[in-house]
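So that you can see what the record holds, here are the features copied from TrEMBL:
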type: DOMAIN; residues: 239-372; note: domain 'GGDEF'
type: TRANSMEM; residues: 21-46; note: transmembrane segment
type: TRANSMEM; residues: 52-73; note: transmembrane segment
type: TRANSMEM; residues: 85-106; note: transmembrane segment
type: TRANSMEM; residues: 112-132; note: transmembrane segment
type: TRANSMEM; residues: 139-159; note: transmembrane segment
type: TRANSMEM; residues: 165-182; note: transmembrane segment
Amino acid sequence: MNTTTQINSVDDFRRQSDLDFILSARIGLLVQILGWLLIVILTGFYSKQPLLTLQLSWLIIVISLLRFTHIALHQYFYASSSRIWMATHYFLLLLQALFWSGFYVYQINLDALSPALLASILMLAVDSNGAIFSMRSKLVMTQIYLVLMLLPAAAMSFGQDNLQFLAYLLIAYWMYLLAFALRCHKHYILNHSFQLSLMKNKQDIDSKDKIDSLTKIYNRHYFEDCFEYQWQLAIRNSTEIALLMIDIDHFKTINEAHGQEFGDQCLVHIADVIRQSAKRQTDMVIRYAGEEFVLILPDTEQAAALKLAEVIRHNLEFEEFQCGDDSHTITASIGVGVVQPKQFSSPTLLLQIAEMALFQAKIHGRNRVELG
Ligand SMILES: Nc1nc2c(ncn2[C@@H]2O[C@H](COP(=O)(O)OP(=O)(O)OP(=O)(O)O)[C@@H](O)[C@H]2O)c(=O)[nH]1
């Protein structure tokens, strides 16, 4: 089960803090059941009040089972109804807090110094302390939980002459827990903001490493990384791999006639045309050099590669490029190489074949496709 979502937005953060809140409640559930068993057995509460022990045991078991089921099913239902799911979680959690403070209040009215009362104070202290960490993702909920756990106990102790010291101790403890809760929550937020900024930096670096800033297609650096990989994949699968080397004709003249900005927009348009013409998910469009593009076509035969090269050449020529009032007809020469890579061969081979074919296309008059 994946408990960590990638945090890119406020919604992602809310989802992650909900999940942290839900999942960290699991240990608390065990503590509650164990704590209850120890209290009723070790303090003799069961022998004094067997019927009440059974009734309360049922109650705590039912609440714990409901909470356990709710936590276990979160992966199926949380996504579709996150608010209702969290509201139910809070409700069951607060019910459990009320169980413990109710038990304390009942004890104090029955016998102010019974062993079960002292044990339940210990339980309130242990559980509240554990809650600070497990609920660190939701500060308001932690505070409500502490109020329900400790306020009734403090108020009732205050009302008993011989237990007023306990009321002061509980209030002091409560203050300490509030400060501790604030600190834990602050750390939680800081940790996530740190992760978020790390992830953003990584995404920036990744995209700078791969993507050409002008045309937003893959850059040569990425091409060098992935061409070798595609080559090895083709060897492994015994498939052909095609490479189209596309060079824009007389681009220098375009720059000189219309200016650098027009030339830049022209390159963006060319990248779009190539990207739209190559429709397979596995096809890779790369800006190889200034006005030179490469298209890698994994698992593609010669006839299909030639057909696609012709489509690109045609689309470039017949969609006249327009930028403001200026327009220009773009033509490209395309060299096509297709090979079935053999063990221990180098991908440079395919690159050389396509480059030679491109050279042929240029010397045979440009605006044409040649096979290497
Ligand atoms: N606007 C713009 N021009 C670029 C960019 N990168 C390269 N160029 C220009 O592309 C032109 C390439 O010129 P050449 O290599 O002589 O090729 P060509 O003029 O296209 O001629 P042929 O390829 O022989 O048809 C140069 O003038 C470069 O300045 C760019 O990012 N933006």
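Note that Cβ sites are derived from N, Cα and C of the backbone, with glycine treated the same way.
Where the transmembrane segment (85-106) meets the stretches 21-46, 52-73, 139-159, the count of C-beta pairs under 8 angstroms peaks at 139-159. Summed and averaged per residue, pLDDT over the domain 'GGDEF' (239-372) gives 94. Cβ atoms under 8 Å from those of the transmembrane segment (139-159) belong to residues 21, 90, 93-94, 97-98, 100-102, 104-105, 108-109, 121, 124, 127-128, 131-132, 166-167, 170-171, 173-174, 177-178, 181-182, 185 of the same chain, restricted to positions at least 6 beyond its ends. Across the range of the domain 'GGDEF' (239-372), the DSSP-based residue counts are 59 helix, 38 strand, 37 coil.
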